[in-house]
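Undergrad: After the structure tokens below, expect a handful of questions from me.
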Amino acid sequence: MVQNPPDLRPDRANARLERDLSTVRPERQPTIGMVSLGCPKALVDSERILTRLRAEGYGISADYDGADAVIVNTCGFLDSAKAESLEAIGEALNENGRVIVTGCLGAEPDYVTGAHPTVLAVTGPHQYERVLDAVHAAVPPDPDPFVDLMPASGVKLTPRHYSYLKISEGCNHKCRFCIIPDMRGRLASRPLKAVVREAEKLAESGVRELLVISQDTSAYGTDWSDRPSKAPILDLARELGQIGIWVRMHYVYPYPHVRDLVPMMASGGILPYLDIPFQHAHPDTLRRMARPAAAERTLDEIAAWRAACPEITLRSTFIVGYPGETEDEFQTLLDWLDEAQLDRVGCFQYENVAGARSNALPDHVPDEVKAERWARFMEKAQAISAAKLEARVGRRASVLVDAVDSDGATCRSAAEAPEIDGNIYVDSGFESLSPGDLVEVEIDEASNYDLWATRI
Ligand code: SF4
């Protein structure tokens, strides 16, 4: 249980992208650099843009010097993220000089060009074609592109053995603290066949774990006029579960049909892991947030999920210090956490976001109170995490190897999502392991957030 690490907070840069981006530079081809900021959904957008560019024969550069132009995929989720995006654009201009801006902040082109008038182009979120047009104009493609060099799975910015799978865009909710529906529009689900085909291609190319993402995964397909069933996410989960690799669900809202998803987790089709953004537990706070799910019944839902699938891991994120949050409301959240005993928890202190309706709410919580509540929340969350992990000592687990160095192998089981949860470290008998291997271990030590294990 940790606050989301900087590289996965929606308002922070994903620095890992730049690190993982291997230099791919076909001879004589123009080369593009990519700076990708923000959440996993933005990461998927960056992958798609690079996939298209590679398909056209462009090279990909991991540094400013080697790039003929640089794309900055921005985040505009919070004001601090906007500032960070402007800073990243400024750095790319200083270091390279030829910069194309895309992503969430691109929805406000005047804001970008006001600060950086020399950028070559500004395009909004998901405007892949316009990004490509801008690249073509800035650095025309070679007329003989190396189309065949594109790997079947596209260009990957995540390690080769796991991949994000974006199933829809946009959101039909109107949570007051969130401007995503304004920036990304209403829910638009990708066709089921296209998602499954992409998942199969990823599996064929060596991906061992799919991380299903969207703004609202449970709502997948509910925007179709001719939907094949009431809850197409169940159809999708069933099909993905047959591919034979790990499938992990993120951003699932606790709608009633999630109860039908959980038995698929119990039977091994998809991983017994649910990432559900509860955000708060007090009904009044949730009402002021305009959240889609009521708190009173979430404890019942959690009990039902655990009854159907005892090994399920539950992760969630919360906001403390939301406008109007009283000490009583906050205490309700702490009490709820005691009862819910979630396995993994992230927590943010509320922050105003330009354009969010929550800015206008009365009774904003002073910063020092927010910080104090955050510390109390994390103290409780840490104690729950430590006890939960201690209870796993002595148990066996199948783990996926993420990385191997001279000290050992960094692995994860079904209970740990990459980047946001803890790890399982194997520090003996790891020499023959490689990233992507699936091995059996026995857990022999626990800390607050991580585990240590021995191969069996
Ligand atoms: S469900 Fe709420 S927080 Fe999530 S994207 Fe939609 S409006 Fe934003």
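Each residue, glycine too, has its Cβ placed from N, Cα and C.
A TrEMBL annotation is a machine prediction, not a hand-curated record.
For 30-140, the entry in TrEMBL reads domain 'MTTase N-terminal'. Per TrEMBL, the feature [4Fe-4S] cluster 1 binding site maps to Cys39, Cys75, Cys104. Look at TrEMBL and you will find 157-387 tagged as domain 'Radical SAM core'. Annotation comment: TrEMBL describes Cys171, Cys175, Cys178 as [4Fe-4S] cluster 2 binding site. Annotation comment: TrEMBL describes 390-456 as domain 'TRAM'.
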Undergrad: Would you list, in sequence order, the residues of this chain other than Cys171, Cys175, Cys178 that have their CB within 8 A of the centroid of the site's CB atoms, where the site is the one recorded for [4Fe-4S] cluster 2?
TA: His173, Lys174, Phe177, Ile179, Ile180, Pro181, Gln215
Undergrad: Looking only at DSSP and grouping its letters into three states, which state does Cys104 ([4Fe-4S] cluster 1 binding site) belong to?
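TA: Note: Cys104 ([4Fe-4S] cluster 1 binding site) is helical by DSSP.
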Undergrad: In angstrom units, rounded to an integer, how far apart are the Cα atoms of Cys75 ([4Fe-4S] cluster 1 binding site) and Cys178 ([4Fe-4S] cluster 2 binding site)?
TA: 13
Undergrad: Can you give me the Cα-Cα distance between Cys175 ([4Fe-4S] cluster 2 binding site) and Cys104 ([4Fe-4S] cluster 1 binding site) in Å, rounded to a whole number?
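TA: Given the Cα positions, Cys175 ([4Fe-4S] cluster 2 binding site) is 18 Å from Cys104 ([4Fe-4S] cluster 1 binding site).
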Undergrad: Select, from Cys39, Cys75, Cys175, each of the binding-site residues with a Cβ positioned under 6 A from at least one atom of ligand 1; if none does, say none.
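TA: Cβ under 6 Å from ligand 1: Cys175.
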Undergrad: Whole-number answer please: how many Å between the C-alpha atoms of Cys178 ([4Fe-4S] cluster 2 binding site) and Cys104 ([4Fe-4S] cluster 1 binding site)?
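TA: For Cys178 ([4Fe-4S] cluster 2 binding site) versus Cys104 ([4Fe-4S] cluster 1 binding site), the Cα atoms are 13 Å apart.
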Undergrad: What residue among the binding-site residues Cys39, Cys104, Cys178 has the most other CB atoms lying within 10 A of its CB?
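TA: The residue with the densest Cβ neighbourhood is Cys104.
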Undergrad: Please list residues from the chain of Cys171 ([4Fe-4S] cluster 2 binding site) whose Cβ is under 8 angstroms from its Cβ, counting only those at least six apart in sequence.
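TA: Residues satisfying the criterion: Cys178, Ile180, Pro181, Arg184, Arg186, Leu187, Gln215, Asp216, Ala219.
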Undergrad: How does the domain 'MTTase N-terminal' (30-140) divide up by DSSP, counting helix, then strand, then coil residues?
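TA: Taking the domain 'MTTase N-terminal' (30-140) as a whole: 55 helix, 23 strand, 33 coil.
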Undergrad: Based on DSSP, name the secondary structure state of Cys171 ([4Fe-4S] cluster 2 binding site): helix, strand or coil.
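TA: Assignment for Cys171 ([4Fe-4S] cluster 2 binding site) reads coil.
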Undergrad: Where does the mean pLDDT land for the domain 'Radical SAM core' (157-387)?
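TA: So the average pLDDT across the domain 'Radical SAM core' (157-387) works out to 91.
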Undergrad: Ranked by the number of other Cβ atoms within 10 Å of their own Cβ, which of the binding-site residues Cys75, Cys175 ranks first?
TA: Cys75
Undergrad: Three states by DSSP: which one describes Cys178 ([4Fe-4S] cluster 2 binding site)?
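TA: In the DSSP reduction, Cys178 ([4Fe-4S] cluster 2 binding site) maps to coil.
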